[in-house]
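Annotated [4Fe-4S] cluster binding site per Swiss-Prot: CYS347, CYS407, CYS410, in sequence order. Here Swiss-Prot flags 416-443 as region 'Disordered'.
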Amino acid sequence: MGRTLAEKVWDAHVVRRADGEPDLLYIDLHLVHEVTSPQAFEALRLAGRPVRRPELTLATEDHNVPTTDTLAPIADPISAAQVEALRKNCAEFGVRLYPMNDPGQGIVHVVGPQLGLSQPGMTIVCGDSHTSTHGAFGALAFGIGTSQVEHVLATQTLPQRRPKTMAITVAGDLPVGVSAKDLILAIIARIGTGGGAGHVIEYRGAAIRALSMEGRMTVCNMSIEAGARAGMIAPDDVTFEYLAGRPRVATGAAWEEAVAYWRTLASDSDAVFDREVVIDAASLTPYVTWGTNPGQAAPLGSLVPAPADYPDAAARASVERALTYMGLTPGTPLSDVTVDTVFIGSCTNGRLSDLRAAADVLRGRRVSEGVRVLIVPGSMAVKAQAEAEGLDEVFRAAGAQWRSAGCSMCLGMNPDTLRPGERSASTSNRNFEGRQGPGGRTHLVSPAVAAATAVTGRLTAPADL
């Protein structure tokens, strides 16, 4: 019987297999940031162990860093302590670190791909759930906990139980104006936040193949919001063109050899998935979340749902709680919902193509009065590229704030937060209660929808401007 892409990568990395025990996997790349690593390094220190493969480990400061005055000391003492601990630990254990103000600094899931570290057929881990981003390259990439971070630092291996596999085929072509973010929100709305639990999702079909690498990263990034262990897309010429010439990618004969191997990384025609889902791309429109989990999403042209629309008692209770928290009334057009803040950035949508999409909407327009707009590049390299193209001038002319790189308003762990009761249109990946600050209300959208919303002050598709 044939094997799926996930099974091929998994099998190639099994160091030890025994009945009744998890497989022991070799890890090709370990990404590290300041929040989930301090205890892991301290455990190594107490045990007198080195980092096993420091050359396969890369660290960056992203979660806690400010995006305005990056030369001043970090004001929050806990955040400052975590950043300082990462610097100390990387220096002591010989791990390459990209600190604040370094040209290479940025969100860990933006930095890895832009350096060419994320490659097809690899196993990639990080103490961060959105490690699934790197699956866009045909890598098996997943988040791990702090104790597992220690295990990988010490051994470059990780015990893991073999996951199930799921195929999500997006048939046909996406309509004009529908982005990768709209697609993944629609997928999560369809299968639910637990729909991928215990599975590695492989995204397939014409619509997936038509996506750029950055669009593919957006889709794989939010696999975890569907409950999946990881998300993957088989590598193809789009992948190879993206990787060619990047700093950490082979050249010459070694490159040709790598590409030849990467071309074998596709699910066999007779591979059997544990679950299969088909999505009709042509039926999709811009999507937005209305509730407090990413599965509570709907087309932007629809109405706020009512609890009575749901047959299950638990679902009705969840919807009622979400509407209460979000301050929404059933039957309200989603396009009538006003916002206080727009955030464009994050490891989901903080890449150059995302900023270009936002700039295309904002060019020649002004931000609605009273709306705060934060545009935060995913890395300092993305920031430099955007400025070279003049995108920062477009944003400033529109009345938006152009920031330095970091996780920013994706999560309430740095100065960029919502105040209680404030409502945002956000290109990030989670809309949980308090995710962007205590009492903050978050609507997940694409960069283009976020930019259009900034112009009108209410949830808006660019086509409606």
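Cβ atoms here come from the backbone N, Cα and C positions, even for glycine.
With helix defined as DSSP H, G or I and strand as E or B, the region 'Disordered' (416-443) counts 0 helix, 7 strand, 21 coil. The [4Fe-4S] cluster site is set by CYS347, CYS407, CYS410; from the centre of their CB atoms, other residues of the chain with a CB within 8 Å are ASP62, HIS63, ILE107, HIS109, HIS130, GLY345, SER346, THR348, GLY350, GLY378, GLY406, SER408, LEU411, SER428, ASN429. The Cβ of CYS407 ([4Fe-4S] cluster binding site) lies under 8 Å from the Cβ of ASP62, HIS63, VAL65, ILE107, SER346, CYS347, MET413, ASN414, each of which sits 6+ residues away along the same chain. Here the Cβ of CYS347 ([4Fe-4S] cluster binding site) has 27 other Cβ atoms within 10 Å, regardless of which shown protein chain they belong to. According to DSSP, CYS407 ([4Fe-4S] cluster binding site) sits in a coil region rather than a helix or strand. Cβ neighbour count for CYS410 ([4Fe-4S] cluster binding site) (all protein chains, 10 Å cutoff from its Cβ): 29. A helical conformation is recorded for CYS347 ([4Fe-4S] cluster binding site) in the three-state DSSP classification.
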